[in-house]
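Asks: What follows is a single structure, and I will ask about it in a moment.
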Amino acid sequence: QIDKRHQSKDSIFFRDGVRRIDFVLSYVDDFNKEFEKKSERRKEFENNLQKAGLELETEDKKESEDGKVFFVKIHAPWEVLITYAEVLNIKVPIKENDIPSMVENPLDCILSPFRLPEKVMNPEPDYFTAPFSKDKQELYLINDESTFFSPSMRNRIVNYILTRCPYGTEEGKKKFGIKRLLNNGTYTAAYPLHDCQYWKKANDPNCDNERYTLYMEWARFLRFYKEQPLDLIRKYYGEKIGIYFAWLGFYTEMLFLAAVVGLICFLYGLFTMDENMSSKEICDPAIGGEIIMCPLCDQECDYWRLNTTCESSQYSHLFDNVATLFFAIFMGIWVTLFLEFWKRRQARLKYEWDLVDFEEEQQQLQLRPEYEAKCTQKKRNPVTQEMEPYLPLTSQAVRFCISGTTVLFWVSLIIASMIAVIVYRLAVYAAFASLMENTQTLQPISGLLTPQLATSVTASCLNFVIIMILNFFYERIAIWITDMEIPRTHMEYENRLTMKMFLFQFVNYYSSCFYVAFFKGKFVGYPGAYTYMFNRWRNEECDPAGCLIELTTQLTIVMAGKQIWGNIQEAFVPWICNWWGRRKARNNPENLYSRWEQDHDLQTFGALGLFYEYLEMVIQFGFITLFVASFPLAPLLALMNNILEIRVDSWKLTTQYRRPVAAKAHSIGVWQEILNGMAILSVVTNAFIVAFTSDMIPRLVYYYAYSENEDSPMSGYINNSLSVFQISDFPDRNKPKENPENFVICRYRDYRYPPDHERKYLHSMQFWHILAAKLAFIIIMEHVVFIVKFFVAWMIPDVPADVKARIKREKYLTQKILHEYELEKLKERLCHGDKRATEKEFIATEGRMELSRAM
């Protein structure tokens with residue numbers, strides 16, 4: 001008894017030890033008013049599953065660990081598998097691939113420490129494949145019926161049946177699909193099984209132990225420098241998850257180049273810090289110490305000396321230097337290289353994973369069960385000529401209007417919260433400014449902690465908290481409105497949700513950076529005629545060293561905060577949930593804690609699991625492309641995060657989640673378009689950052705047009721960039737309460753005529769020179785980068801030449817094998833005297849083979 005029990009517990013087979021468990025359903029008998037209804041539905045559903053050919057075996061609740069849960073194990077016999085393999089157009093092997101593999105890479109010996117063992121990288125030989133057909137079974141390489149279809153193919157087939165199996169009629173409507181039964185609590189879970197425990201191999205000699213291999217070779221952080229076993233990931237989890245990890249790995253490899261160049265640009269700024277003329281002049285007591293600046297807020301703030309911002313001007317040079325311009329142009333080209341090389345990588349994967357003919361149309365033809373259930377009206381499909389459900393145009397229009405206004409409302413909510421943060425900045429700024437000037441306690445750090453920086457840091461943190469809160473609520477709203485639109489297919493559903501979520505996240509994460517980069521300090525006015533927000537708060541000025549350092553602060557806090565928070569959320573939350581769920585089962589001997597219960601206690605990797613992973617990476621991609629001119633270290637931060645991200649995602653998927661149902665995908669989908677859009681936008685934003693946020697252009701204009709000292713062309717720049725204001729011209733609203741040293745003039749950042757000029761306080765000629773130079777720079781930089789981008793994109797073909805040749809070769813051979821097979825069949829029929837097998841048919845088939853050879 002014990003032996004049988006042991007065998008049936010930590011095993012992926014039925015009690016007979018032969019039939020494989022392809023799927024598990026679980027439910028609890030809760031004796032409430034719904035009890036009878038639920039057991040009725042279950043009975044009907046399970047009967048219909050058996051009618052569809054599936055075999056079931058139920059584990060009583062007495063057998064389960066907590067004595068409450070029933071488990072229904074499902075096995076798909078051979079006849080069911082071959083029927084649905086044809087429906088789902090699954091490709092299966094017909095002949096081992098005889099095309100010699102790639103040319104040896106000369107760098108192989110250097111790269112060998114990063115390689116994984118051959119059996120892990122290529123778990124099965126490469127085959128020529130053809131879509132499965134029941135009538136041609138002898139054509140395929142079927143050695144063993146029980147292992148011919150891989151577990152991921154089997155669970156995909158069973159899932160297809162489960163999502164379409166009816167369970168009765170309620171309120172005159174036909175009800176079907178496991179998804180509904182899970183939503184209404186009839187079943188508590190439905191999942192395929194992992195093949196073994198992740199930390200040790202299974203006792204069963206028939207088990208492949210793929211989960212164990214994935215954990216040992218891929219999901220542990222100590223393997224961070226190794227390549228990923230993509231073929232094994234695809235075999236175990238399906239193509240959709242395989243493509244995500246292939247993309248993430250490729251993106252991380254490409255980031256390495258960007259990180260190295262960014263680090264060199266940062267080091268250039270670090271080593272040339274002492275030679276920076278602007279900060280030398282600001283720090284010089286004879287220059288910066290003698291320049292009296294106008295107050296930073298009304299009435300409360302005092303006049304201040306420019307050399308108090310000495311340290312922040314030195315740090316500003318780290319990011320605001322000539323190398324930044326080079327890096328902004330480099331990143332514009334890097335983005336194009338990344339996207340073009342990814343297309344090639346994707347084309348290679350498409351060939352290797354048999355996705356060449358996998359068209360979205362197959363996905364398109366498969367309607368979402370929810371769509372079929374909710375659309376009661378039917379019309380004829382012009383392609384298949386069958387009656388199918390459809391959503392009337394009026395209903396569609398109403399749904400789109402509701403979802404559109406909801407999205408607009410939430411986007412305006414973000415903008416409102418951003419304005420609230422700006423008001424916070426303005427209100428707090430005056431407080432910080434007066435506090436820091438009037439207290440001695442902050443003296444040691446006041447050099448570093450200017451009022452601007454203090455405001456910027458606290459506002460960035462506040463902004464980050466608001467972003468996270470809004471995010472939390474919007475995610476739920478986005479799913480709700482996408483469900484309400486009732487998209488027709490799974491692809492349509494994902495694409496619509498992606499666009500909604502991305503639009504929101506784009507505004508949410510980047511709005512504060514756009515404000516600091518393009519609006520802050522640009523609409524300040526001048527002493528005596530400041531601009532006010534809502535007629536109450538005076539607009540904030542940039543640091544005397546420029547706004548770029550503040551953009552860097554903002555970017556670092558939001559980007560680093562998001563990455564740290566993301567990793568905590570991804571790794572710790574499921575781990576704690578699982579630990580809590582499993583603590584009860586620890587008392588049991590292992591052989592009584594069954595395979596299906598172990599997986600039942602894990603977290604669910606939902607239909608949107610991958611969606612969040614992509615979203616996180618695409619938002620990060622935005623940070624390292626859109627604002628990279630202000631922070632050359634961003635790609636390095638992203639690289640370190642991604643090395644961790646790959647291992648966190650793989651660890652989470654292998655150890656903390658139930659096995660997801662395998663799904664096919666031949667690309668990263670709509671994300672590709674989003675990345676292309678961001679790549680184009682990044683060229684524009686970086687050109688504007690270099691022109692309007694950094695001090696590069698004013699410095700160059702001064703260097704070439706206004707400098708009077710030939711030996712040191714940049715000396716005098718600070719004095720030149722500050723305009724003069726006569727204190728007696730202050731209106732009462734702005735005038736400081738005290739002027740103990742009786743200053744007569746103060747200085748402010750702008751290019752305006754002095755008080756003794758006939759065009760007093762109007763923009764000077766130099767202002768217009770600089771503006772013209774900025775606009776010219778933007779046009780030139782954009783055109784140069786775009787021309788290089790399009791040239792690079794045109795130069796690099798999307799599909800590698802060798803892959804094209806292989807695809808043609810495989811098509812030719814597959815056709816040849818199929819034709820020869822048909823010819824053999826015809827010969828057999830002729831020999832057996834089949835009258836219908838005419839000679840003409842034989843000649844036609846042979847002729848077709850000749851034509852195919854000629855082609």
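In case you wondered, yes, glycine gets a Cβ from its N, Cα and C as well.
Unlike curated records, TrEMBL annotations are generated automatically.
Okay, so TrEMBL annotates it like this:
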{"type": "COILED", "residues": "28-62", "note": "coiled coil"}
{"type": "DOMAIN", "residues": "13-230", "note": "domain 'Anoctamin dimerisation'"}
{"type": "DOMAIN", "residues": "233-810", "note": "domain 'Anoctamin transmembrane'"}
{"type": "TRANSMEM", "residues": "244-271", "note": "transmembrane segment"}
{"type": "TRANSMEM", "residues": "322-342", "note": "transmembrane segment"}
{"type": "TRANSMEM", "residues": "407-432", "note": "transmembrane segment"}
{"type": "TRANSMEM", "residues": "452-474", "note": "transmembrane segment"}
{"type": "TRANSMEM", "residues": "501-518", "note": "transmembrane segment"}
{"type": "TRANSMEM", "residues": "618-639", "note": "transmembrane segment"}
{"type": "TRANSMEM", "residues": "674-694", "note": "transmembrane segment"}
{"type": "TRANSMEM", "residues": "767-796", "note": "transmembrane segment"}
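Can you tell me where each of these features sits in the structure?
Replies: Here the transmembrane segment (244-271) has Cβ contacts under 8 Å with residues 227-228, 230, 233, 317-321, 323-324, 326-327, 330-331, 334, 337-338, 341-342, 345-346, 349, 610, 613-614, 617, 621, 624, 628, 632-636, 638-639, 642-643, 645-646, 649-650, 668 of the same chain, all six or more residues outside its ends.
Sequence-distant neighbours of the transmembrane segment (407-432) (same chain, 6+ residues past either end, Cβ-Cβ under 8 Å): 296-298, 300-301, 451-452, 454-456, 458-459, 462-463, 466, 470, 474, 477-478, 481, 500, 503-504, 507-508, 511-512, 515, 533-534, 537-540.
Panel annotation: around the transmembrane segment (501-518), residues 407, 410-411, 414-415, 418, 421-422, 456, 460, 463, 467, 470-471, 474-475, 478, 547, 550-551, 554-555, 558, 562, 611, 615, 618-619, 622-623, 626-627, 630, 674, 685, 688-689, 692-693 of the same chain, lying at least six beyond its termini, place a Cβ under 8 Å from a Cβ of the stretch.
Residues 251-252, 255-256, 258-259, 261-263, 265-266, 269, 319, 323-325, 327-328, 331, 335, 502, 505-506, 509-510, 513, 517, 548, 551-552, 555-556, 558-560, 562-563, 671, 674-675, 678-679, 681-682, 685-686, 689-690, 693-694 of the same chain lie 6 or more positions beyond the ends of the transmembrane segment (618-639) yet place their CB under 8 Å from a CB of it.
Sequence-distant contacts of the transmembrane segment (674-694) (same chain, six or more residues past either end, CB-CB distance under 8 Å): 320, 324-325, 328, 331-332, 335-336, 339, 498, 502, 517-518, 522, 546-548, 551, 618, 621-622, 625-630, 774-775, 777-778, 781-782, 785-786, 789.
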